[in-house]
Structure formats: structure tokens, C-alpha cells
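What follows is a short report on a single structure.
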Amino acid sequence: MIEPLDSPASDSDFLDYPSALGNCTDEQISFKMQYLPVIYSIIFLVGFPGNTVAISIYIFKMRPWRGSTVIMLNLALTDLLYLTSLPFLIHYYASGENWIFGDFMCKFIRFGFHFNLYSSILFLTCFSLFRYVVIIHPMSCFSIQKTRWAVVACAGVWVISLVAVMPMTFLITSTTRTNRSACLDLTSSDDLTTIKWYNLILTATTFCLPLVIVTLCYTTIISTLTHGPRTHSCFKQKARRLTILLLLVFYICFLPFHILRVIRIESRLLSISCSIESHIHEAYIVSRPLAALNTFGNLLLYVVVSNNFQQAFCSIVRCKASGDLEQGKKDSCSNNP
């Protein structure tokens, strides 16, 4: 049985963390060596060039800029910043959790993951609210479509994300164990009581609330388009695609990670069997790159949101748009926020 961790561990206990847990984490270290480098490598190899191309399109090809263009550009930027940190994590897990880049980089890389996570959540929430106003309150959309409102919203997202994630630089720790430096994530760091309450507040304000907002926005949008007078097939089809994509990102990528992070922290605070804690930790490990897969969903979102983006992408890769794409551009609903 594992002793409850109701108070901060001593330095000797902390440095002997794997020994204190016995065999609870032995299999996880091996599992992480096999699983995380592969998944993170795939995410990096697809996401880095994909977001680089997306940013280039938004900056050099997309004119005029709408509110949605500003939000999508900021979303691509935060994804790209996160993707640049993945090679460090790939090396770390592939080497058996041996961190060679120092304490500052440990905190910076862990900070980068969570900053991207909550920036993405908030940018997608802003986009959903803009779509809601355009479709449900179309008379107000002429004001909200102006790019200055999107710029203000994006600036707010950057500030809120920075403030929300900043405490992690103090809570996340690195340590030395068995002659190796380990860069611990939030759930494995010390001071669990503080981490528990910080995690609950962070999850409630920057995930649960946006999840409710996004769900309500898109259920209202679909209901309005289904029963309302606006029945343009192109508009309805595009709204359905956006709804499915956004809800998949929130419920498949983000939700499991947040649920399992709460459970993982609680499992370290409670006196439970090594077997149960091992299974909880393993499930949490699986959920971490799953959360990072939102970068794939975002790449699809760029294409779904705008037919102009599709045309610009085709021009970059030197391909000719199909007749359907040309027709889609003519018939596309131009009410993007």
C-alpha cells in the first residue's frame, strides 16, 4: 500500500520517489519509452509543417482578414510554439526519462504544453461565440465581424492563458533519481495539496466553462438551422462539419486528459493499491498525447472554416482546384465571423 501524501514530502523522500512507489512506476517508464516518443514524433512531423503552411497562408494569402482569420492565425501560432517543444520531450522519453536540458527548460517545456492547451481551448471558444453571434443574431454580426474585436479577443486569450498557467512554473519540478535527471509533469511533482486545488480551479475555469459554452453554442446553432427559416444547404452543411469537428476536439482530445489528470492527482493523495495507481497512471499517460492531437483537429478546422483557405493551399502546393471547390467558393456562405 502507498502511504497517503497529505503533506509535502521531504527532500530525501522526493529524491527517492521511484523507490517510494516500488514497482508502481516501473512499467510506466517502459511504456512511456515505447508510446510517447512515437506519438509525439507523428504529431510533430504532421503538425509542424502543417501549421507552418497554415500561418503562411493566413499572413500572405488570405485577404481581406475577417474575425475568424485573426482567431485561426493565433490558434496556428500557439500550436506551432507547442510543436517546437516536442523534440525535447521525444528525446526525454526515448532516453528513459533522462532530462539533459536543465531545470529552466524543464519548466519551460511543461509550461508550453499547458499554455498551448488552454490557449487552444480559449481560441476555439472565441471562434464558437463568434459563429453563434453570426448565425443566431445576424443583425449584430456586422459589428463583431470587424477584425478589431477579434484582435481584442485574441489578446485577452493570450493574457488569460499566461496568467492561468504561470503557477506551473513554481509547481513543476525536476529532480535527480538513479543518477538521472527527471523532468516531472504537474501530476508527478511535489506539493500535491497545492497542485490538487490549483488543478481543480484551472480545470473548472479554463476547460469546463469553455466546454459548456462551446456545447451550448453549437447545439443552439444546429437547432436554429434545422428548424429556422434559413435553409441554405451549403450553410447548414458547413455548420454541421464545424460542429462535429469542434465537439470531437473537445470531447475526444481535451475531456479524457482533464478527467484523468484529476484522478491521477487524487490517486497520489489517497492510500490505494499499487496496481490501481499503476492503471490510473497508465491511462493518464495515454491521455497526454491525445490532448496534443488537437493540433490535428485544428489543421482540419482551417480547411473547413474557409473555402479561400482551400484555394490558397492549392496555390501553394501547385495544384488546381477541382470544379467542386470552385463552385463551393462561389456558393460558400460568407458569414464567417
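Even glycines carry a Cβ here, placed using N, Cα and C.
Database features, via Swiss-Prot:
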type	residues	note
DISULFID	Cys106-Cys183	disulfide bond
CARBOHYD	Asn23	N-linked glycosylation site
TOPO_DOM	1-38	topological domain 'Extracellular'
TOPO_DOM	60-69	topological domain 'Cytoplasmic'
TOPO_DOM	91-116	topological domain 'Extracellular'
TOPO_DOM	138-151	topological domain 'Cytoplasmic'
TOPO_DOM	173-200	topological domain 'Extracellular'
TOPO_DOM	222-242	topological domain 'Cytoplasmic'
TOPO_DOM	264-284	topological domain 'Extracellular'
TOPO_DOM	306-337	topological domain 'Cytoplasmic'
TRANSMEM	39-59	transmembrane segment
TRANSMEM	70-90	transmembrane segment
TRANSMEM	117-137	transmembrane segment
TRANSMEM	152-172	transmembrane segment
TRANSMEM	201-221	transmembrane segment
TRANSMEM	243-263	transmembrane segment
TRANSMEM	285-305	transmembrane segment
Under 8 angstroms for C-beta pairs, at least 3 of them, ignoring pairs fewer than 6 apart in sequence. Is the transmembrane segment (285-305) in contact with the transmembrane segment (201-221) by that rule?
no
Near the transmembrane segment (243-263) in space but 6 or more residues beyond its ends, with Cβ under 8 Å, are 117, 121, 124, 127-128, 186-187, 199-200, 203, 207-208, 210-211, 214-215, 218, 221-222, 280, 283-284, 287-288, 290-294, 297-298, 300-301, 304
If you run the three-state DSSP split on Cys183 (disulfide bond), which class comes out?
strand
Ranked by how many other Cβ atoms lie within 10 Å of their Cβ, the disulfide-bonded residues Cys106, Cys183 are led by Cys183
With pairs closer than 6 in sequence left out, are the transmembrane segment (70-90) and the transmembrane segment (201-221) joined by 3 or more CB pairs under 8 Å?
no
Which value does the mean pLDDT take for the topological domain 'Extracellular' (264-284) in this predicted structure?
89
Per the Cβ filter (under 8 Å) with a sequence gap of at least 6 from its ends, the topological domain 'Extracellular' (91-116) is approached by 29, 32-33, 36-37, 40, 78-79, 81-82, 85, 161-162, 165-166, 168-169, 172, 174, 180-183, 185-186, 292
